[in-house]
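Q: Have a look at this one before I ask anything.
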Amino acid sequence: MLLPEITLTLTALLSQFFAVMLQGKNRIVANITILLTILTIFIILKYSYSESVLYLDYVMFTTNANIANYKAIILIFTIISMIIYRDYSVRSGEPLKFEFITLILLSTVGIFVAISAQNFLLLFCAMELTALTSYILAGFKLSDIKSSEGALKYFILGSLVSCLSLFGISFIYGFGGSLQFSDIFYKLNDSSSVNLGLVIGVVLFLSSIFFKLSSAPLHFWAPDVYEGSPIASVTYFTAASKIGAVAILLNIENLIIKNYHPISYNLIKIIALLSMIFGALGAIRQTSLKRLMAYSTILNIGYVLIGVLLRTEDGNKAAMLYMLIYAAASIGFFTCLIMLLGNQTDKANFESIQGIAENHKAIAAAICIIMFSMIGIPPLAGFLGKYYLFYQAITQEEFLLAYFGIFTSVIAAFYYLKIIKTMYFAEKPNPTKIPISYGLLLINFVVIGFLLFGSFIISS
């Protein structure tokens, strides 16, 4: 049951050991680590599909087919982030610091444990492991003041949210007498009495998950962290980390708040609406492409929360499918920027992509496909994700959520189209020659293929 987590932890620690011992061989060790991480995917697919439970006087840890799928998807995006860091270090001429790969792997271990946790305290500890490594990943560029500033904001706000989360756990134990998901589920759904203290405890605990999702109003850290963090860290935060947070939320939703108390339901609904509003409007005035993508993430997390609020199996599937499609599109966009700008990617803005279509037609076309998918143009995968999500919302008579989703999608189309306009209709002062990176090229090829043909594969 714990084989994927054990394998990943050993891979991280042993790889770091060999990276220290074999000075100057970091790139070789990185390639071996990536191969071992790919092996972990096969371990997940082979040994984690059957339902099993770990007991330590009570249920602490569980796995099943859904959880195994989540872990496999997260690990795929983790591997992509590792490849991006490896190739970016080559293109930028910076030395490959193996600690980065170790931190990403340990963060993923925390996500894995959190997804399988059946106890609030275990879930908190797992999320803290992910949070602590994420703070370091955000501030990994020690020479960059913006990186340090973003990491410091991330750490301070994250620490505050962790305190709220622990405060919520104390409420849960005090009013519920247990930290087990199953026990709290029973008490929350006991129609004979409404335990307001228990509801408050759950809501306080959920604040840590909403912070990790960068959903409004807990989103203010995201633009600064995205702007200052290394591009490989940003890809990890946008894809693997966000998918993990959504999986944790769906796990809690299934076991604890399937029948929402009105307080928690309305609170999550407000968070979804605020995320859509802040995400759509906040991105309009941005000039930095990384800050723009931070607001885009906030907006799209609002869409994901629509699926969570529906409280149905189809709603959960719609939420995770949409998150997967958005994560793939974001990865594709960032890899295009790296291929185009090299060591200037971390300072990418609209001026950086002016007129690139004239000299770099393939990259411009790839970005076009990605932007159209984010807008939701058929028959791209982004259209399928939005259609499925909004259709489920309308079916469940959540008209306000659906209307807000459609309205903010129209607003978001403005800045996605602005990127396309800048590439094709602005003049590029000095054309640059781009060296080929086969790792990034392969990632982009897979992403574009998924966005183009994913809707046909998924619908069939």
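Every residue gets a Cβ built from N, Cα and C, even glycine.
Taken from Swiss-Prot, the feature transmembrane segment covers 2-22, 28-48, 65-85, 104-124, 155-175, 196-216, 230-250, 263-283, 292-312, 321-341, 363-383, 400-420 (among others), and the record attributes it to sequence analysis.
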Q: By a Cβ-Cβ criterion of under 8 Å, what residues six or more beyond either terminus of the transmembrane segment (400-420) are in contact with it?
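A: Residues packing against the transmembrane segment (400-420) from afar: 269, 272-273, 276-277, 279-281, 283-284, 286, 289, 292, 296, 299, 302-303, 306, 309, 350, 353, 367-368, 371-372, 374-376, 386, 389-390, 393-394.
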Q: Between 65-85, 196-216, 230-250, 292-312, who has the most Cβ pairs under 8 Å to the transmembrane segment (28-48)?
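A: Most Cβ pairs under 8 Å with the transmembrane segment (28-48) come from 65-85.
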Q: Counting only pairs at least 6 apart in sequence, do the transmembrane segment (196-216) and the transmembrane segment (2-22) share 3+ Cβ pairs under 8 Å?
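A: No, the transmembrane segment (196-216) does not contact the transmembrane segment (2-22).
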Q: Between the transmembrane segment (65-85) and the stretches 2-22, 104-124, 230-250, 321-341, work out which stretch tops the count of Cβ pairs under 8 Å.
A: 230-250
Q: Do we see three or more Cβ pairs under 8 Å linking the transmembrane segment (321-341) and the transmembrane segment (230-250), pairs being at least 6 apart in sequence?
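A: The transmembrane segment (230-250) and the transmembrane segment (321-341): touching, yes.
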Q: For the transmembrane segment (292-312), which stretch among 2-22, 230-250, 263-283 has the most Cβ pairs under 8 A?
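A: Comparing 2-22, 230-250, 263-283: 263-283 has the most Cβ pairs near the transmembrane segment (292-312).
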